[in-house]
Structures are given as structure tokens and as C-alpha cells.
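Data first, discussion second: the structure below is written as C-alpha cells.
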Amino acid sequence: MDQTPRLRSAYPATPQTSRRPPRFLGSPQDTKRGSAPLRNIPPVKPAFSQSTSVDPLIPEHILDAPTQRLFVVSAAVALWTWRLFDWGTLSEAEEQSLWLFMKWVIIDGLFLFGLPALRIPWLEWSPSTMLMLFGSHALVDGMLMFRIPLPIAPAFAAVGRSVWGAYELAVNEHNVNPDSVKFNESLILGRQIIHILPEGSAILNPNKQVYCIDTTRTEAKLPIRINSTNPISMDLLRTDLDTQANETIHITKAQIKTMHKEASRLNSYSDKEFEPKTLYFSVKKPGLYVLSKVIDESNLEVARKQLAHTVVVSCPKAEVRPSTPNQCKGELSKVEIEVTGAPPLTLKYRKVVNRSPQDATLENILPDDYASPWAKHDQGALILPNKVDTIWAKSHQISVPLAESLSSAGNWSYSIEEVRDAFGNTVTYTRKDHEEQQRQLAKGSVLHQVINVHERPIVTLHGCSPQRPLKVAKGKKTKLPLRLGSTGKGEISEPYDIDYVFTPDDDKLSAKEKSFKGVTGANQQEIQEPGLYALTGVSTRFCSGEVLEPASCILQVPPQPQLALTTEEIFDKCAGSPIGLQVDLDLVGTPPFEVHYRMTRIGSGVETKDVLRFPESRAQFKLIPKQAGQHRYDFLEISDAVYQRQRLSGISLDQTVKPSASADFVNASERKLACIDEAVSLDVALQGDGPFHIEYEILHNGRRVKRELSDVTEQQIKISTDPLTEGGDYTLALVSVTDQSGCKEFLKSESRISVRHQKPRVGFKAVDGQRAISALEGKAVDLPLRLEGGDGPWSVTYVDKSGHERGIHVKNANDRVTVAHEGTYELTSVRDGTCPGVVDEAAKDFEVSWIPRPELRIASTDIAERKGGTIVKADVCEGDEDAVEVLFKGSPPYSANYQLHVQPLKGSMSPKDLSLRAVQNVATLRMDTKLAGLYEYRFNKLEDSHYQHSSKHFSPLTVRQRVQPRPSVAFSSPEKTYRFCSTESDGEQVIPITLYGVPPFDVEIEIKHHGTARPETVALTGITETSHNIRIPHSRLQKGKSAVSLRRVSDGRGCIRSLDSTTPHVQISVHDAPTISPLEAQTDFCVGDRINFALSGVAPFNVFYSFEGAARKAVANSATFRRLAEKPGTLVVTGVQDDASQCKATTNITKNIHSLPSVRVSNGRDSYVDIHEGGEAEILFEFGGVPPFEFTYTRSANTDKYGRSGKVLDTRSEHSEGHSLRIRAHEEGTYEVVSIKDRFCSYTKPGVKMAGKEKQKKLGY
């Protein structure tokens, strides 16, 4: 734990009592050389008597020493927080201060003297230290609890002045630092630094830049820096990069002149003759360039600084070699980029896969078997040996293949972004370059390549296999069930080419390879030849694909369907005559089968077609016609699973049948419903040879009634019963039928009839003994019905008062008719689901009437004016009692809701929802007059004991009344003390009041002088304005204080307001006027000076003055008024006012503040001038201020290479009558001004002290 690193601000570690290991003072090597043992270092003695070897009271394995110290400090902070809380809540009582002082002395004593008992390391102090801590705590306790002020504010003020400086009020009434006003560095700006140049020189490419040229940059401008020389000719030596041949380029004087002219357009070019200049010479060939000779205008060779060769190479370039634009998914990309330039090269390109961009960088691109010379030479200096080797700067053409797997289909785009050569020449291809390539694809280089990656096709068969062959009719075609797909999602839009092997059924050994061309999902291939079709391959225009299982299909051509039949006759048991045929069928083909036949009854021309369906190859069925006669059966067509409707010829059957007699009810299964006293007719269908004799019987309530019909010749007849006079269930049964031959057939056919017991009957029920009702208007009314007989639901019709017939469906015998209009309703008919009914004549009418709705109006005596739905009531004064009578009509009690809308004179009030309730036909509504304003009582809802409110039937009513405000009057500045001077002056004796109401006003005021018992009352009448100034005659004022109060006011409406004694009043105080006078006799001051004035009167004072035309007001808390002259201008003191009288004494004291003079050397900048030995430079001084000027400047040594300022070499003083002065200097050094003086003011740089006044002033620091 003791080895844990600790912050500098952390508690110190617990002192250790164990002996430290010896430390070595020498190096490790020294310890190995010596063999003598080191001396033991004697242990350090403890600083005080308490030994740290004594363990703390709380063992450190439970709570370590730093944590114990942290707890002690936390407890001390908590005690101080409690102490400051007691100090903050301390009252003025002396006994409380004494009690708190004793409390905290005891707590501090217990804490401080109990701390050593814990034996915490670093907190075991000596007794003298403990006494000193206890005494300091007791002193602080006494100062806090007895509220002895601490000099905190002066201490902070002193610290602030030492850090930020003493701030003073300036003439613009804001605090400024006097030092920032007195010492303004912008007053003296600029230096002239003169440097004597060495001998002239010329340097080619001083910044060691590398240049490149290409078709867009056809030339390189090589910089030639000349210094202190004017060359007339220059020679450049060029070494060709390919042949290493040398070429000398001569630059003539005319070319140099042109180079000067072009360089003069640059801001860095100086027109001064001997200042450094940079000229530019254009070259158009790559190579190594060096400046071999420079001749100046004196025909002397100028010194040349030998730098490395200037390298001009061909700019790097890159292009994409054209490749296949269409490839398949899973292949490798066949993109190759050709890079040209000085290796090693760096290429940046962008790959976009389906709009997902990826940036990539290829670095250190080198040709094969290339040994980089950069490993042998200094790349930064490029200083070559005597024999120039240019292999390191030659351009190489390198092919960079980009082979990557095309893992996804879509558009893959490769575009070149940037290429950089070994010298750092970078060519960036912009979007504009790529667009230009698109327009001139045949001429320019290819900057990007787009590859369309296609999905590979997939094909399989579905619904067909060797186990589940396809079957097709002979001579017909069928579609091969191909399922087209791809390695992506869904089918490819391109047509498929499918290869397959076909093996015919008749020659298993002669398999042939064939193909389907242009297959699409909508264009499936048809096959006809029977045999085995096996898919072997699939491809599209761009890609080959894969054949998935199942991949083979067998096509079969089954035989055409045929049939053979045998027959056997079916005989009647009674007559022994044939009644039909039993047919046995043998079928050939593919089940299931359908056989179409036609039955013809010979002699009648009636034909019937039907279809027989058989799931197997053998079948049996019966042909039994229902009518007697000769019948022919022609079998027309046969169909199976493959062949449809194959014609049959020559297959027919003939038979002559005499069927036995029979009779059946038509729809015998349906129960017939009948009404009482009605006959019922039933249809009976007959078969056999007529005429027929029919026996039938009717059964009801155990009784059986037999009936007979003879000589019936029709095949369908109606059997009608007598009127059924009894309700209940009847059964009509056919007993037997006898045909022409006398064969009697017994029958079992029955039909059931249900007869209602009575007819339905309808009428209105009586309500409270009568068929009439009064109801609320608009409310639906249910008219009770009484239905007798029949089964629901019933259909009832009735007629309303307008004569319109309406119908309803009633489900309940005691149901109701719902109506919504008043009038007489009459029942007209009734019927149930089966039978019509009758209407009860005595109960067919019912009358409905409405209860009257409530009404509301205002008594005419309360109406002053009526405007449509608004009633205007007479105006009333604020607070007066007023009411209005509201008259009701309807069924009491009444409830009227209204909204009270108040537009007060000031502010706004939200509407109130109120209500008025009345148990009689009249009610009194008290008007609200608490506040002045426009009151509107908008009655929007009316109810009585019967009706809820209905906006459709109630017209809103508004009662409007204006409550006029009571007039009021108040002092414009209540509780203000108006101070008057002992002498009469303008603006005195006016107390403004504000009146509210309608003029004219009458006001009564009260004046009470200090020391008098009875006040004076003054009446002011006929005040026509809402603002009025009370003028008290100066003769009635007494020195001292008086109170003025308002007692009563009335306005033109006749409203009166009385004011009580609690109304705010004003005071009048009469005093003598203050004075102000300047302490300095001078009228001209400089910026940074202090302007002082003496004040007489009672502080604080208000000093009124103007500065530069802007009026200002300042407060002076003492008898002296002082302001710092922060900026130039004219200060005019116009008046002074003290706190006692508020009397303003008018003055006119003028002080002129002049700005400090300023000077600028070399236009206020640090100007550097290089001159030759014996030359001279001009120094320009520009002055600001009022002439004449005196200034002092120094010449000091130029700054050394470490940036240290040089010592002062010379000091001079000059005089100027104008605002500028030029001085010529030929000595090297830094020239700067240290002090300046004009007609009124002077300024010296901070830190500069002026020496004695000699003929030439000297400056010292």
C-alpha cells in the first residue's frame, strides 16, 4: 500500500519505522567493480518526542492512516460549516453571542485536545502547537459570535488593485484603468530597421522545389533569387533524363528584363534596387537544371550558392486499360491500371460497388527488377556526385493489375482519384476530368472502368421426373416445365440458352444433344416427341450457369380412349313389360373417363343429353326412362385424362318401355302454411299410361276423410281441399293410383299443412284511460300497440296527420310505434308472415300533442334602449346598487344560465358562467357594479321543469350596461418629497397629479405645515385635463417640511370619490442651493489628466455636465468631484444639485481635453531596409496632434539570432513644425521613437525615463 503512486495534492504517506534498504550512489558498473561493503547509514532521529513507532488507537489493518486523516479533516469541515451556520442565524442579543462563543470554545477544545489521543500519524502535534491552534480558533470564535467586522472588503480591494490596477470614473461615466489611458502603445508605432547587405548573390530554386510538366502544365517556372545585384545574363545547365546529355540555356538581358516585368506584378516584388527579388524562368523540357553562370551589369560574375539540381520531371499519370465490360459473379476482375512516373509511385483509386464507395491506396509501386536509388542518396538534399546519374528521376510505365473476386452482381466501377510520384508531384483527377474522358473517349486516357457483373443462371424442372412422366395427346405439344432462376433473387431478365440430351422412346441408344435458345419465363419451350429429356447446361448472353435436380423428364403419348358395351333389359314385375336397360362398359385409355350420350324419345322430338363419369376402366349403369315409348341412346364422345371429347360413331341403343304408374306431390317435403277459412291446393306429378284413378285422404285431429279422382289424363294435376275452418295440422296423403292397364300401385307420398287458429288483429292501447298523450317537443313518443293472433313478426301500417302511410315491422305483441311529430295517428292494416289481419275500429286512432316550451324576457321598465336581441340598460356609477326584473313563461321552476362578459377599463377579465333560478314567473337579477367597464349579461340557456335547454328553440338575449368608473386622483409620484429652494427658480412649486374620469373635475386638497395643528383645505374646480399641476404659491411655503394630501374628487358624470387619510401623500421641503468650483485654474487638459472640482452643500451631490454635446449626470459622495480625462473633447459643467434640497444651481464651467500626440515611423510598421555599405535609407516620421512637435528617437543594435533586443547606440531629439518629417540614415540599427510632445501634451513610452535637459536629450532605461 505504501508503494502506491500518489498525487502531489494527496495526503503524505504514513511514516515508516522499518529500516530502509541501502541505496547505491554509483552506477551499476561501479557496484560490480568494487568489493568493499558500503557503510551503514545511521537512522534518522524523530523530530519530536512522540515516536511514530507507537501504533494508532485504531489499528491500520482496520483503517489505514491516510483514511483516518481524511475522516479528521471531514469532521473539521463539518464543524466549520456548523459554526458558519450559527454565525449566519445570529441575532442582535448579547446573551446569545456569549452562549455561542462559549459553545464553540468548548467544542474546539474537545476536538483539538482530543485529537492526539487517536495517535494518527502526521497529526501528533506538540503541546505548543496545540495551544496555538486552540488560541487562533478562540479568536475567530470571538470575532464571529460577537460580530466583530473583519477587514475583508479592503483586503479584496487591495488585491484587486494589485492585480488589475486601480479603476477610476472617467468623463464618460464608466470605470477605466488610468494606466491604460496614460500609456497607450498605439501612440508610438513603427520602427525602421536598417541592415547593411553583404555582396550580391544569385540562387536557383532556393526552396528546393521539384517541378513537373505534362499536357496541361506545359512549362515550369523556375525561381531565381537575386540579392544586391542586377544581372544582365545567366546560364542554366540542363541534363537530359533519358540520354544524360548536357544542354546550356542562355538567358539574355532582354529576357531578364521581361522576367523583372512579370515578377513586378507580384506583391512580394520590391521596386528598390538592392532588395532581394525572385525572378521566374520558364522551361518546357524535363531534366536536371543548375545555375552555371550569372553576370551582373558590371560584367562581373555573381556568386552562386551551390544547391542540389533543380528537378523537372514529367508529371505522373495513370489510366485504366480497357477491359471486358461484362463479367459474371464469382470471377476475378480483369481491371489493369497503367501508371507512369518516377518510382516509387502512389496510386489512389475509388471502387464503387452498387453505389457503395470504397477508397483504396496503392503505395510503393515499382517496376520489376528496379533498385531504388533513394536508398543510396539523400532524398532531402538531392546533391548528386560529379557524374550525373539520372536513373532516379526517369519516368517508368508500370502496369498494376486489380484482381479481386466479383462477389456480388451489379455495377462495379473503378475510377482513378490521384497519382503521386517519388518527388511528391501529385495529379488529382476531378469529376470534370472524368466527364471530359466520357466526351473524348477515343482521344484521351481512360480514367475509369465500369464492369457490369451479372448473376449466373440456374435451371431446374418441376412437376416432371422419370417417376412422374408428362403425358400428352397424340399429335399435340406440351410445355417442358422449366423453372428459371439465378444465383441472385429471381429470374434473370436476359433470355436463357438451355442444352439438353434427348433419348427417343423407340430408339434408346440414339441420344441426341440439342438446345433451347432464347428461353424466358413467358416463353417456355414446347415438346412433342416422346422420350427422355435430360438438361445438361444453361447459359445467358454473358454467363454460364448451373443445372439443378431434377434435371430429366419423360414425355409419354398414351393410346386414344375407346369403349365397348353390352346390355340387358329390365322388366316390370306387375305388367311384365320392359322398363329399362342395364349397360356394362369396357373402357380403354387413361382414367378417369367421361362418356357423353344423347337420349331421344322417338315420335316426340324430345332430346336429352347427359354425361356419365367413371373412375375405373370397367363400369355398369342403368337406363330407365320415366315416360313410356320408344327411346334411342346415342353415345357421342368419350374423354379421359389425356384426350378430350373424342368422337364415337355407330354406338347406339334402342328400347321400348312401358313404366308402371306412380304419383308424387311436387315439393312434398315442404310444410304448407294456410290461413283459417281458406282452401289449399297441392301439385301432383303422374307417371305411366293414363287415364288414371287416384285415391287420397285428409287427416285432421284423428279424423280421416277419403277422396277420389277419376279419368285423370294430365301428367300433373292440382288437388284442392275444402275451406279449412279449424286451425291445426292437416295431412294430405296419396293412397293409390291405377293406370290404363288396371295395375294398381299403392303410394306413400304425403304433404303436411299447418292452418292458423285465428287472424291477426291490431289496435292502440289506452294510456291513463285515453288514447292521447302530451309529450316534450322533439322527443320521440312510443305509442303502445296490442296485437292478437298470428305469429310474429307482424307488418303494421298507419297514417300520420299529413296523410302519409308508413309501415313498421313488429316483433312483440305488446310492441310500440315510435313517432316524433304531434298529430293524430291511425292504424290501417296488419298481417303476419302468412295471413292478413284486421284493425280494431275502436282502438285505431291515437293523438299526440306537445308541452309548451319556456320563454324569457326583460321587464319594459328596465329597458333604456333595444338593439335587436340586445337590451341596453341605463349607465350606473361604480359601486351603486342596480337590478333588472326577468320575466319567465313555462313550467316553474326555471333555470336560466348566462355569461357575464366584463370589459374593464384596465386589463381584462375572463367570462363568468352564472345562473339565475326562479320558482315563480318573475326573478330579480342584481347587476354587478364592483368594477368600472362594460357589462354584458348574455342569457344563453333556459330550462324549466320539463325542458332542457335547446339552442334551436331559444333565442339568446343580452342585457348590456356600462358601469362608469368613479373618478380618482393621485399624485404622479406619491410619497415623494418635493424640494424647493429658498430662492424662487424655474420648475419649482409644481406638484403633478393624475385624474381619472370624464372632465371637468373638482378636487379638494389638504396642506399641513410642520408644527401647525390645523391643515389648510384648498378646492380646485373646473379642471379640464386628466393631468394637472398643483402650483402652491411660493409665499405660502415655510422653511421646513409640509404634507400635501388629496381628500375628494368628482367628475363630469356626477360620480364622486372620497379619499381617506391612508391615501399616499407628498412632502414639501425647502432648502438652500449647493455650489461647485474648479480646483485648477487651467482650462486645457490632456488625456490621462484628472479634473477636480470642489462642492458645497449636503452630500451626495448630482453634478450635471456635458461632454462632446452629450448630457450626463454624475453622483459625488464627498465634497470633491473628480473625473479622469479618458478621451479628447470639451467638458462643460452645467449645474449641481445636492441631496438635501434637490435644488439645481446653474453653472457654466468649461474644460478642454486634448488628445495625446502620436507618431508613426515607417507608416506604423516594422520596416526592414537592406542597404549596401556606404548607402543610406530614408526614415519617415508622421505626427498626430497640434504642431509644433518635439520628439526623441534612438538607434539600437539589431536583434541578434536569439531574438534579444540590442543595446541603445545613440539618442537624438528633433523638432518639426509640420505633421511629417523625413530623416536620412546610413548607419545600421533599429530606429524608434521613445517620446513625443505637441503644443499641449506629451507622451513617453512606458519604462523610459528622460535624462537631463541638454542640447540633445538622452534616454535611459
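In case you wondered, yes, glycine gets a Cβ from its N, Cα and C as well.
Nobody curates TrEMBL annotations by hand; they come from automatic prediction.
Per TrEMBL, the features are:
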REGION    1-40  region 'Disordered'
DOMAIN    64-149  domain 'Nucleoporin POM152 N-terminal transmembrane'
DOMAIN    201-311  domain 'Nucleoporin POM152 first Ig-like'
DOMAIN    456-553  domain 'Nucleoporin POM152 Ig-like'
DOMAIN    558-662  domain 'Nucleoporin POM152 immunoglobulin-like'
DOMAIN    759-844  domain 'Nucleoporin POM152 Ig-like'
DOMAIN    874-965  domain 'Nucleoporin POM152 immunoglobulin-like'
DOMAIN    1074-1151  domain 'Nucleoporin POM152 ninth Ig-like'
DOMAIN    1157-1242  domain 'Nucleoporin POM152 Ig-like'
Across the domain 'Nucleoporin POM152 Ig-like' (1157-1242), DSSP yields 3 helix, 51 strand, 32 coil
Could you give me three numbers for the domain 'Nucleoporin POM152 immunoglobulin-like' (874-965), the DSSP helix, strand and coil residue counts? 0 helix, 51 strand, 41 coil
Under DSSP, the domain 'Nucleoporin POM152 first Ig-like' (201-311) has how many residues in helix, strand and coil? 11 helix, 52 strand, 48 coil
State the mean pLDDT for the domain 'Nucleoporin POM152 immunoglobulin-like' (558-662). 83
Secondary structure split (DSSP) over the domain 'Nucleoporin POM152 Ig-like' (759-844) reads 3 helix, 47 strand, 36 coil
